[in-house]
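Novice: What TrEMBL shows for this protein is this:
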- 75-94: transmembrane segment (TRANSMEM)
- 131-152: transmembrane segment (TRANSMEM)
- 158-180: transmembrane segment (TRANSMEM)
- 222-242: transmembrane segment (TRANSMEM)
- 262-283: transmembrane segment (TRANSMEM)
- 290-307: transmembrane segment (TRANSMEM)
- 313-332: transmembrane segment (TRANSMEM)
- 353-372: transmembrane segment (TRANSMEM)
- 384-405: transmembrane segment (TRANSMEM)
Amino acid sequence: MDSSCELDVPIREGPQRLLACSDFVEIEQEDSDRSSPSSDSSSGSVEGACQTCLSVCQADCCQLLLRYKSWKSPAIVEGVMFVLIFAYGCMYHVTVQYTYEHIWQAANSAMTNTTLPHADTVPTEQRTFRFSLFASLRFAALGLAFMLSSYFVEYIHFGGTFVVIMLLFIATLVYIIFVLPESSAIGKMRTIRDFNPIALFISSMLPFEVFARERPNRQHQYILLLLLVTNFFESAISFGSFQVLSRLVVAPPFCSHPDTVTLLQMFVLVLAVAGPFIAIQLFSERLPDAGIGTVASLLTTIGLAIQALSSNYVTLVIGLLFQIFVPIPNGVSRSIMSKLVAHEEQGALQAGVTSARALGAVTSTFFCISMFQKTVGSFPGITLIVLSSISVFVVVAFILTWGLLRDDYEDYKLNVTSVRRFALQRYHEIYNKINESESKNKELSLLDLEDYDSDEVFSQ
């Protein structure tokens, strides 16, 4: 493994910190006619202004979330703001335009603008936790957006919805102006504005170009392929299972009230946010990143199977508990890949992973809901069984990645051992020189040697 990826890189300040991803992430398409019959030129300009503000605010929150090298309360506040702003963006498109297709425009925009182009600014030992937490927050934000938008469309008329959206928009502006330490220049920032799987697929191929330059080793390209496909399927599993849950609980044998569905969905989102804290505490010192991904995906597979076969709330909740680590594979895979490339390639790499996940989420939405509607009369859990089977592939992919990375890990340990041997040899040389020094300084020199820290010799 390249030793340069182990070094901490100083955090870059200023508006240019977001422009690193502009050469890779942005796939700008011509603005197409909106499908909403009520849209006109004025509403289009207002929507464009809202999208611009939303993009800047999302990008700022993403960067601020990664700025803190030690995990403290300010970063948690920024994470909460990220969730609220993400939910606001998705809710705006759904409630104002009355079509669920536009939620993916907002989701793709948010995920593209938060591709973590400066992942190298986070210390190496903290990347797994930071990426995992960020994936959990994004999962919670999108789930929260689905829930809020559904309630808004069902219980609030258009005028009330517009008032709420404007209040949230004003609050966002106040946050940008008075709370953020600096506002990001838009510059060349662009987003994927329309639902276009082809554009997402092309963008998801960017990491192959990165690895062709950075890591010509074919073994690393296998790792990249495994992790990209893993992100695609893991995204489909996480978002698909969340949406199917809302339909599974209202179908027989549960036949629950919609409020019960809301409680279960909130339970899932709280578990997802708590997952990274628990996973890092349990596994970070015992397993490498690929090992953590293996355990998380295995528990997800078991949880989906339990949900599919559940006939009462007890087994259903147990299945949901097993899904506490659903977003972890995304964070782990991002962490693994970020450690394999140089800092200037992080933007393209993370953008490709984001596009692969967006493509998976879009695919799962239509695939899972369509399958559920066709099987609800026979066995509604068949959709979760299919997702559980796909999750088995994710487990196998992480196991293969774990095996492919063992060579790198052995090389790393060998390099550390050789450096320590050199340090020990250097220590004995210093000791011999002291013994050969003049007799009048011998006693003083020996006293200095006793206070000499071996770590200082190691650093030399």
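The backbone N, Cα and C atoms fix where each Cβ goes, glycine too.
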Novice: In the same chain, which residue numbers or ranges, 6 or more beyond the ends of the transmembrane segment (384-405), come under 8 angstroms Cβ to Cβ?
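Specialist: Long-range Cβ neighbours of the transmembrane segment (384-405): 219, 222-223, 226-227, 229-230, 233-234, 236-237, 240-241, 244, 248, 288, 290-291, 293-294, 297-298, 300-301, 304-305, 307-308, 329, 332, 336, 368, 371.
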Novice: I need to check the long-range neighbours of the transmembrane segment (222-242): which residues 6 or more away from its ends have a CB within less than 8 Å of a CB in the stretch?
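Specialist: Hits for the transmembrane segment (222-242): 139, 142-143, 146, 204, 207-208, 211, 215, 265, 268, 293, 297, 300, 304, 307, 323, 326-327, 329-330, 333, 336-337, 340, 352-353, 356-361, 363-365, 367-368, 383-384, 387, 390-391, 393-394, 397-398, 400-401, 404-405.
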Novice: By a Cβ-Cβ criterion of under 8 Å, what residues six or more beyond either terminus of the transmembrane segment (262-283) are in contact with it?
Specialist: 128-129, 132-133, 135-137, 139-140, 143-144, 147, 242, 245-246, 249, 291-292, 295-296, 316-317, 320-321, 323-328, 331
Novice: Looking only at residues six or more beyond either end of the transmembrane segment (290-307), which have a C-beta under 8 A from one in the stretch?
Specialist: 128, 230, 234, 237, 241, 245, 248, 275, 279, 283-284, 315-316, 318-326, 328-329, 332-333, 336, 381, 384-385, 387-388, 391-392, 394-395, 398-399, 401-402, 405
